[in-house]
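Written out below as structure tokens is the structure these notes cover.
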Amino acid sequence: MPEAGFQATNAFTECKFTCTSGKCLYLGSLVCNQQNDCGDNSDEENCLLVTEHPPPGIFNSELEFAQILIIVVVVTVMVVVVVCLLNHYKVSTRSFINRPNQSQRQEDGLQPEGSLWPSDSSVQRPGASEIMCAPRGRDRFTTPSFIQRDPFSRFQPTYPYVQHEIDLPPTISLSDGEEPPPYQGPCTLQLRDPEQQMELNRESVRAPPNRTVFDSDLIDISMYNGGPCPPSSHSGISAATCSSNGRMEGPPPTYSEVMGHYPGTSFFHHQHSNTHRGSRPQFQPNNSEGTIVPIKGKDRKPGDLV
């Protein structure tokens, strides 16, 4: 044991390098370490380039700087990614919440500027041709079909739908006196005054006459019976609307009754010449039977009753 302790002491006391100034360096690591350990720089003069090593403190500082730079870059990238994701989800949520309100505003905006439902304030000017559109109560509050299919869809322009509705030609129906009343749709083309239109509609639903008396026969009846009767404006009128006193006292005669009194002759025989007026069939009221019986003009005398 004393020998081992002596050898260790001798190793520490042995001079590894002797400086020019006579100073002794006991550690070999102090030689050529780029530090002036001798004081006269004699320990760094004869060092080879291969054996020269930078001090370990330089490597440690560079390593720490690289680690710090890498950590800063990674943290910055992570923060940027998190901010982008939060912004994206915030915009998506806001747009999803605002879509129902936007659809409601667009539906409300169709009333004044979409022309899908006209307003109720349609002014009627007599004598002028105009189109009156009166929306029904059910259609005024009905959402269009293209909005009902996808309420959360983006708003599409209504120009194609409006143009399709405007380009449709108007339908003008002329009354012939026997047709049903016109269809009262949402849009009606009015070419007459309201009073004339109501009169035509009232006449169009009138019951058909029992039999037809043409205008020429009606004029002849009024001339010979002394009762004024205006000419008909239609193709025919009821026989009970005109008589000698302007009122019929009984139902009109049937075809068999008329042909039974005058077999071989036609009940409706038209002659428009004044030379054959005497041979034209005439009508006289029969108070006993309540019917009109025609007689020949040449056999008629004033005051004769059948």
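Glycine is treated like the rest: Cβ placed from N, Cα and C.
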Selected from C24, C32, C38, C47: Swiss-Prot disulphide partner of C19: C38
Which range of 52-55, 104-107, 208-211 is motif 'SMAD interaction motif (SIM)', per Swiss-Prot: 208-211
C32 - recorded disulfide partner, Swiss-Prot, among C24, C47: C47
Range annotated as motif 'PPxY motif 1' in Swiss-Prot, from 60-63, 180-183, 196-199, 228-231: 180-183
Largest tally of Cβ atoms lying within 10 Å of a Cβ, found at which of the disulfide-bonded residues C32, C38, C47: C38
Cβ contacts of C19 (disulfide bond) (under 8 Å, same chain, 6 or more positions away): L25, C38, G39, D40, S42, D43
For C32 (disulfide bond), the three-state class that DSSP assigns: coil
